[in-house]
Number of protein chains: 4
Amino acid sequence: MARFGILTSGGDCPGLNAVIRGTVLQGTGVYDHEYVGFRDGFRGLVYGDAMDLDRSVVRGISQQGGTILGTSRFGPYVEPDGGAAAMRASLERLGVDGVIAIGGDGTMAAANRLLGDGIPVVGVPKTIDNDLEATDYTFGFNTAVEIATEAVDRLRTTGNSHKRCMVLEVMGRHAGWIAMYAGVAAGAHAILIPEQPESLDQICEWVTSVRDRGRSPMVVVAEGFRFPDMDQAHSHKGMDGFNRPRLGGIAELLAPLIEEHTGIETRATVLGHIQRGGVPSAWDRVLGTRFGQAVSDLVADRDWGQMVALRGTDIVRVPFSAAVGNTKTVPLEYYRGSRAIFG
Amino acid sequence: MARFGILTSGGDCPGLNAVIRGTVLQGTGVYDHEYVGFRDGFRGLVYGDAMDLDRSVVRGISQQGGTILGTSRFGPYVEPDGGAAAMRASLERLGVDGVIAIGGDGTMAAANRLLGDGIPVVGVPKTIDNDLEATDYTFGFNTAVEIATEAVDRLRTTGNSHKRCMVLEVMGRHAGWIAMYAGVAAGAHAILIPEQPESLDQICEWVTSVRDRGRSPMVVVAEGFRFPDMDQAHSHKGMDGFNRPRLGGIAELLAPLIEEHTGIETRATVLGHIQRGGVPSAWDRVLGTRFGQAVSDLVADRDWGQMVALRGTDIVRVPFSAAVGNTKTVPLEYYRGSRAIFG
Amino acid sequence: MARFGILTSGGDCPGLNAVIRGTVLQGTGVYDHEYVGFRDGFRGLVYGDAMDLDRSVVRGISQQGGTILGTSRFGPYVEPDGGAAAMRASLERLGVDGVIAIGGDGTMAAANRLLGDGIPVVGVPKTIDNDLEATDYTFGFNTAVEIATEAVDRLRTTGNSHKRCMVLEVMGRHAGWIAMYAGVAAGAHAILIPEQPESLDQICEWVTSVRDRGRSPMVVVAEGFRFPDMDQAHSHKGMDGFNRPRLGGIAELLAPLIEEHTGIETRATVLGHIQRGGVPSAWDRVLGTRFGQAVSDLVADRDWGQMVALRGTDIVRVPFSAAVGNTKTVPLEYYRGSRAIFG
Amino acid sequence: MARFGILTSGGDCPGLNAVIRGTVLQGTGVYDHEYVGFRDGFRGLVYGDAMDLDRSVVRGISQQGGTILGTSRFGPYVEPDGGAAAMRASLERLGVDGVIAIGGDGTMAAANRLLGDGIPVVGVPKTIDNDLEATDYTFGFNTAVEIATEAVDRLRTTGNSHKRCMVLEVMGRHAGWIAMYAGVAAGAHAILIPEQPESLDQICEWVTSVRDRGRSPMVVVAEGFRFPDMDQAHSHKGMDGFNRPRLGGIAELLAPLIEEHTGIETRATVLGHIQRGGVPSAWDRVLGTRFGQAVSDLVADRDWGQMVALRGTDIVRVPFSAAVGNTKTVPLEYYRGSRAIFG
């Protein structure tokens with residue numbers, strides 16, 4: 001009987017537990033697999049710290065946020081005790097025949113190195129930013145967008161009542177998908193993403209033109225957005241004449257600048273960790289479950305070095321090589337197209 | 001300057017207003033179009049009952065459920081005053097150069113007939129059941145699934161506390177997509193869909209086996225599900241010995257039968273209209289907006305006889321002929337595959 | 001060291017787990033009590049079926065709907081194995097010094113009889129209908145009202161789009177509090193409650209006048225509402241000429257009658273069990289926690305025969321005698337006052 | 001026919017529109033009043049900037065966050081154009097017989113001064129912090145607590161997955177009611193409120209003891225909380241050796257200090273404006289509606305100088321003198337009592 005180990009690595013994401021549940025239920029039900037879960041990402045694999053995952057453990061968990069296995073940013077080749085030998089020893093000791101690594105770009109890169117070192121491994125993509133080229137969508141993104149959209153809906157009423165400009169910062173370090181989706185869904189007046197710098201003047205012009213139409217400007221900004229004159233603007237903020245490292249997020253930097261340049265009272269909100277925790281949306285639970293079922297098929301086939309992915313409505317397999325290092329950013333034409341509807 | 005008319009036809013659906021808003025904002029902003037909205041579906045087109053749709057009218061409406069245009073099941077060739085001549089006269093009188101019909105299979109069939117009668121028309125697919133072959137997803141479906149999933153989550157706690165079997169009926173006349181997605185997301189123990197009849201004995205066996213594992217059975221059933229011995233079972237329910245037309249939904253029929261055959265106290269809930277109203281999910285607002293933007297491109301191109309559709313992450317065009325009459329049902333392998341995870 | 005047993009009896013209610021948690025955390029933390037939980041209401045007390053409730057068992061449960069103890073409608077003096085002797089024997093065997101009974105009017109009546117039979121018992125009021133005179137509010141009611149209100153918000157958009165009259169049935173067998181609160185919160189056009197019969201003619205007049213003002217009528221009806229000509233109206237519905245017992249709820253009876261008498265297309269939705277399950281509102285969790293903390297004080301004081309209750313912002317104690325049999329109905333002046341705002 | 005003017009002053013609050021709607025519907029329906037709304041608080045009263053409020057304007061608005069009248073912090077006796085003479089002139093010009101001022105402590109103090117200057121005025125209390133002695137609850141507070149509680153529920157799953165301490169900052173400048181309610185509802189491990197300073201050592205001891213029990217510490221802190229060594233701790237944070245004004249909220253100050261002192265990775269989230277905007281809870285809509293209805297009775301009675309308030313389940317009248325300057329803080333025994341359940 002085959003026995004596989006699952007680990008979740010990197011930041012937590014709504015839908016992780018659905019993947020774990022889908023894998024175990026399908027793997028034990030269809031293939032007679034056994035499963036263990038490594039605790040806290042690659043740390044559990046390196047130290048052989050694992051828990052049994054039978055059907056009773058995973059029942060009812062897809063509604064829960066986070067991951068029942070725990071997660072960490074432990075680098076299996078970076079940490080002193082890491083390395084292929086340590087991981088191989090853990091697998092042997094636990095009688096585990098292959099590893100299912102659920103994680104983002106960094107995790108897939110590490111998994112690829114494991115594969116090169118002869119460790120049987122497959123992958124499940126996980127990025128709340130939805131910025132992986134190899135898959136149409138990743139789980140967690142949908143929940144984050146719903147939460148961010150509700151936040152915009154809420155902020156808008158305060159903005160309207162006080163005639164203020166409201167700035168909401170959402171996640172998105174290298175790709176602005178959450179900002180794009182939430183901004184379009186909630187009818188923001190400006191969406192600022194890492195892919196496309198915009199000058200402070202341009203932003204203020206948008207804000208002013210919204211106000212001039214009698215409305216209260218709503219700006220959604222991804223955490224990774226940068227504007228050309230940002231460092232100068234920032235040091236300009238120092239009241240004691242010293243340059244210093246920026247505190248707070250981009251929204252907290254932008255809001256006072258917008259207020260200063262436009263004369264419109266402006267308030268910043270940083271959504272932060274609220275976006276990634278809590279009950280996953282149904283969509284993310286379904287996607288996570290399908291990924292989990294498909295990855296149990298992968299290990300049943302011993303199709304090592306593959307990652308599951310969504311293409312249209314199908315779950316497909318893509319090799320690690322195609323998955324690693326390909327960031328899916330918001331296409332400029334989509335970004336520009338969305339400007340047409342900034343009503 | 002070109003001028004187009006929009007109509008929404010058939011049952012309302014979360015996301016309709018996002019389509020209308022996306023069309024008008026993109027069409028007026030990018031192409032200098034003008035738009036009117038026909039009231040109450042084809043009725044407004046036949047009688048020339050229309051409202052101006054400028055940018056101010058559509059601002060902020062994507063958060064609203066329903067359709068600001070009103071809708072109806074008025075058949076443009078069926079109703080006495082209908083017919084191509086009446087519609088052509090309306091278009092001429094209102095100075096409208098083409099029609100954007102937002103609706104389901106029946107609406108697209110009617111639109112196809114309009115096209116044959118020389119009326120310039122394009123389409124936007126709308127079915128809350130997600131059962132249109134030509135598009136990966138339709139808007140509204142996502143909202144319905146989220147609402148249905150939350151309902152299952154809620155019912156489960158009552159089921160567990162009382163050790164009852166809970167039966168939830170969701171929408172899905174010819175295709176069981178809502179039941180499949182909500183059932184998988186919420187971890188139902190049985191999902192019953194129109195595509196696949198199951199015998200009452202089979203259902204009761206599933207229910208009993210869940211109870212025997214110490215859990216409270218949760219059944220999600222699509223309104224269109226039928227079981228082989230259903231008519232007999234039903235007439236058997238009559239207390240006065242008379243056969244009569246079934247009242248209530250399939251859940252209200254199933255629940256007492258399950259209770260009778262298994263001895264497990266069973267309760268039915270029919271979700272009904274709650275699934276289709278109210279604030280649309282962010283996903284449906286984004287999809288609706290993208291459909292709307294794309295259909296304004298369609299009419300700008302005078303690409304009559306085409307319908308917008310989602311393929312993967314792209315919005316594409318498909319001819320009416322490919323869209324009409326192709327119901328997308330749940331594939332049997334997907335249905336059976338999901339049984340593996342009925343934990 | 002004192003040891004007490006908790007039981008939850010009757011229909012489940014959001015907030016039950018908060019009561020259990022509040023009792024155990026306060027009782028163990030402040031008074032060094034021990035607690036057990038009787039399974040499935042009085043059944044567990046009669047048969048001595050109990051689980052240990054230490055701090056680790058109750059942590060994190062206040063977010064969960066239902067009751068971790070299970071519940072039932074088992075009558076401790078009605079069921080064959082019941083009676084004071086059986087319960088006394090259970091308490092002795094388990095070393096339990098007193099009983100905390102969480103339940104509604106029937107449970108408090110039973111508790112009062114236990115008290116008369118010399119069994120030390122205190123009470124926590126529980127009725128989702130909020131119809132207990134002795135307390136300003138009961139937990140669970142707030143969650144039910146929030147869910148019902150969201151349902152009205154959703155139905156309204158469908159009603160407006162289709163120009164239909166929508167009828168929503170909510171809980172409330174003897175008192176219409178849920179209907180009143182949800183109807184007022186969501187701006188219903190008619191609220192029908194058990195306390196005040198209204199004729200079908202009156203209802204139809206209200207519905208028609210709303211339509212005549214260009215709006216789509218929204219009716220919220222409590223399950224216990226009755227109208228004078230109801231039985232006749234109902235038998236009138238039989239298509240085969242036979243009178244028969246009514247199937248379905250009051251909404252399903254009213255909707256076709258309204259449609260028939262007004263000519264306005266009318267749809268019924270029965271909210272049912274969705275109102276009582278799932279994640280409790282913060283308000284209900286706080287009230288449940290405070291009740292739980294206060295009842296641990298009660299047993300610490302051996303103040304048997306008392307029930308905790310909310311008065312203003314204070315938690316007070318009331319004797320069983322004052323609590324039993326006093327249904328708190330909606331005052332007629334409040335009902336009539338609310339008609340002023342049926343916009 | 002009598003004619004009254006309504007204004008909303010200070011920060012926006014979920015339920016304001018329900019008050020406006022309740023006032024107008026009851027006042028026009030029962031008493032034949034006319035109503036106008038002053039725009040942007042006292043600014044509208046000083047400048048005579050008002051809109052007619054007939055029944056059609058207020059229909060359906062109770063679901064909307066914010067205030068349809070706009071609001072501001074304009075001080076009627078502070079701003080250059082202000083003063084009793086200006087307001088009296090506005091009232092005369094608009095034919096308004098009395099003012100309904102909806103606002104917080106500062107608004108009631110201003111209203112009291114208006115009264116002294118012979119301007120007929122009544123009040124409706126509004127504070128999202130719930131810190132007004134004269135009323136059991138204010139509208140908006142309930143919505144804020146529900147949003148804050150959901151945020152804690154979400155953050156907890158991330159905390160557990162990463163074994164982090166999560167710190168959530170909620171509103172509450174002078175009173176910690178939102179922190180208390182959300183913290184109790186969601187089972188926080190520490191609740192920090194303005195009423196009760198706690199030392200950094202004490203906080204870190206709580207956090208460490210939670211971690212030692214194998215759990216992830218959850219801290220809810222009100223924005224107004226201060227700890228004894230705070231200024232020192234803060235200046236200690238400066239990396240360049242300069243003291244400077246604190247940026248960001250208390251959570252952003254606490255989180256790195258907790259991390260530094262306990263060695264537990266700690267993250268801060270500031271909920272901010274999200275708490276006060278958006279769809280009001282049903283409870284707040286009902287309370288707002290009842291306040292609105294009651295204040296229309298107040299002006300019908302010409303009972304100037306009174307404010308409506310909630311006592312138990314009743315709406316009562318209290319004189320301005322009793323309402324002004326009496327902050328309702330969290331009683332220390334309630335704060336300490338809640339520590340018993342910090343599981």
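Just so it is clear, glycine is given a Cβ too, placed from its N, Cα and C backbone atoms.
Taken from TrEMBL, the feature domain 'Phosphofructokinase' applies to B:3-298.
Secondary structure from DSSP puts B:PHE74 (ATP binding site) in coil. Residues or ranges marked as ATP binding site in TrEMBL: B:GLY11, B:ARG73, B:PHE74, B:GLY104, B:ASP105, B:GLY106, B:THR107.
Every protein chain shown contributes to the tally, and the Cβ of B:ASP105 (ATP binding site) ends up with 22 other Cβ atoms within 10 Å. As annotated by TrEMBL, Mg(2+) binding site applies to B:ASP105.
For B:GLY106, the entry in TrEMBL reads site 'Important for substrate specificity'. Counted within 10 Å of its Cβ, the other Cβ atoms near B:GLY106 (ATP binding site) come to 14, all protein chains included.
Take the CB of B:ILE274 (substrate binding site) and look out to 10 A: across all protein chains shown you find 24 other CB atoms. Per TrEMBL, the feature substrate binding site maps to B:THR127, B:ILE128, B:ASP129, B:ARG164, B:MET171, B:GLY172, B:ARG173, B:GLU223, B:ARG267, B:HIS273, B:ILE274, B:GLN275, B:ARG276.
B:ASP129 (substrate binding site) has a Cβ environment of 28 other Cβ atoms inside 10 Å. Taken from TrEMBL, the feature active site, proton acceptor covers B:ASP129.
Note: B:MET171 (substrate binding site) has non-local neighbours B:ILE128, B:ASP129, B:ALA144, B:ILE178, B:ALA222, B:GLU223, B:LEU271, B:GLN275, B:ARG276, i.e. same-chain residues 6+ apart with C-beta under 8 A of its own C-beta.
Mean pLDDT for the domain 'Phosphofructokinase' (B:3-298) in this predicted model: 94. Packing around B:ARG267 (substrate binding site) is summarised by its Cβ count: 20 other Cβ atoms lie within 10 angstroms of its Cβ, all protein chains included. According to DSSP, B:THR127 (substrate binding site) is assigned to coil rather than to any helix or strand. In the three-state DSSP classification, B:MET171 (substrate binding site) falls within coil.
Site extent for ATP: among the recorded binding residues B:GLY11, B:ARG73, B:PHE74, B:GLY104, B:ASP105, B:GLY106, B:THR107, the largest C-alpha separation is 14 Å. Ranked by how many other Cβ atoms sit within 10 Å of their Cβ, the binding-site residues B:ARG73, B:ARG276 place B:ARG73 at the bottom. When the Cα atoms are compared, B:THR127 (substrate binding site) and B:ARG73 (ATP binding site) turn out to be 14 Å apart. Applying an 8 A CB threshold to same-chain residues 6+ apart, the list for B:THR107 (ATP binding site) reads B:SER9, B:GLY10, B:GLY41, B:ALA101, B:GLY123, B:LYS126. Taking the Cα of B:GLY106 (ATP binding site) as the reference point, the closest of the binding-site residues B:ARG173, B:ARG267, B:ILE274 is B:ARG173. Whole-number maximum of the Cα to Cα distances across the substrate-binding residues B:THR127, B:ILE128, B:ASP129, B:ARG164, B:MET171, B:GLY172, B:ARG173, B:GLU223, B:ARG267, B:HIS273, B:ILE274, B:GLN275, B:ARG276: 33 angstrom.
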